[in-house]
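*Asks:* Just passing along the structure, written as structure tokens.
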Ligand code: S3P
């Protein structure tokens, strides 16, 4: 599904951010593990979440759609997740597969996990190593890739662990295994990562203790814990709102309100960067929804200038570098995004993919050993962007086209549905010149 975008007039209007992907995955997984019923509203009905939901059904949960974004999950509770009859196809979802493997390791079951070409190229040992230390048996393809078969006797040992990289997925996989493990599992995080697992485990009735030691967060879970079904109202995804916000900032004359954006500080690093760059990005009307603080964000097009992004901010904006690089393309001066080696193991190598996307469209960009340098200026456009099955590369390219002299085209826009299925409608509704070529 080839798509393209061209220079656009001012964007204007009020839109809502789609449901948060991280919280939507967790709602399906925790609901399936719990005793009783979980009622979910505002779920992101993206392909990644639908993959996770169907995997949790294969493991024994009953999941029913009751309305738009509304789902009822009957958890497996006492009986526990069960060995599935089929391989568990997690699609494109790194969060899905890694959290589900962690959850399953706590039960007596055996399952084989598969995924699409992008997911099958991503490293799984970062999850499998700690799960093996806890007692699970895992076999993977070379380099720890999918398909992975993971088996557990449901009687793991608790673990004291410091993940080798700042990753909420690693932390979450270990915590989910610890839910059904007798004893205290402790995770030390020198750099905090998104804390949705901790927050949601509490909402499902678990006690999680977080203390500070030598500047690091120490997270303790004393298992086993019986999770109880609850209500989850999924807030809007700041990582999806990011595309709307940057589009409005860089398209001259724009004035846009994005409602229902989660403002959890482990997720808002991009907003800090855009504000430092001179962007009018003003959160208003703070309130609480589903245990998280949300706000409406008012954005007006602004003259941006380049910045050096502090590496310590990376965990709070790990998915936002490609779209920040787009903002940097029209900012005055140089933007440096460094110490972001983790981007190489996302849905694609996002350092290479972002550099190629900008370079193909006339932007002055350099690939650093572990980062990206962009010097802002005019964007010629006219390039064809290879998205490598990566939704965030696809959306970033289409936003760049809104300020380019000639159209920016992407090889495939289908993957956008993994995280932001309403992207085309939302953006064209605001006045963006984005089109889908259904014949290509
Ligand atoms: C996620 C964590 C991040 C992020 C991903 C979602 C999560 O990955 O890139 O899109 O929901 O826990 P890492 O924690 O591995 O950096």
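Glycine is no exception: its Cβ is also placed from the backbone N, Cα and C atoms.
I grabbed these lines from TrEMBL:
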DOMAIN    8-427  domain 'Enolpyruvate transferase'
BINDING   21, 94, 122, 169, 350, 392  phosphoenolpyruvate binding site
BINDING   21, 22, 26, 167, 169, 319, 346  3-phosphoshikimate binding site
ACT_SITE  319  active site, proton acceptor
*Asks:* Got a sec? Which of 22, 26, 122, 167, 350, 392, the binding-site residues, have CB under 6 Å of any ligand 1 atom?
*Replies:* 22, 167
*Asks:* Given the binding-site residues 21, 346, 392, and counting only Cβ atoms in the protein chains shown, which has the most within 10 Å of its Cβ?
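*Replies:* The residue with the densest Cβ neighbourhood is 392.
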*Asks:* Pairwise over 21, 22, 26, 167, 169, 319, 346, annotated as binding 3-phosphoshikimate, what's the top Cα to Cα distance to the nearest Å?
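*Replies:* Value for the max Cα separation, rounded to a whole number: 19 Å.
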*Asks:* In sequence order, which same-chain residues at least six apart have a C-beta under 8 angstroms from residue 94 (phosphoenolpyruvate binding site)?
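*Replies:* Listed in sequence order: 119, 122, 169, 346, 347.
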*Asks:* When you measure from the Cβ of residue 22 (3-phosphoshikimate binding site), which residues in the chain that are at least 6 apart have a Cβ under 8 Å away?
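*Replies:* Long-range Cβ contacts: 95, 168, 194, 196, 237.
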*Asks:* Most Cβ neighbours within 10 Å: which of the binding-site residues 26, 122 is it?
*Replies:* 26
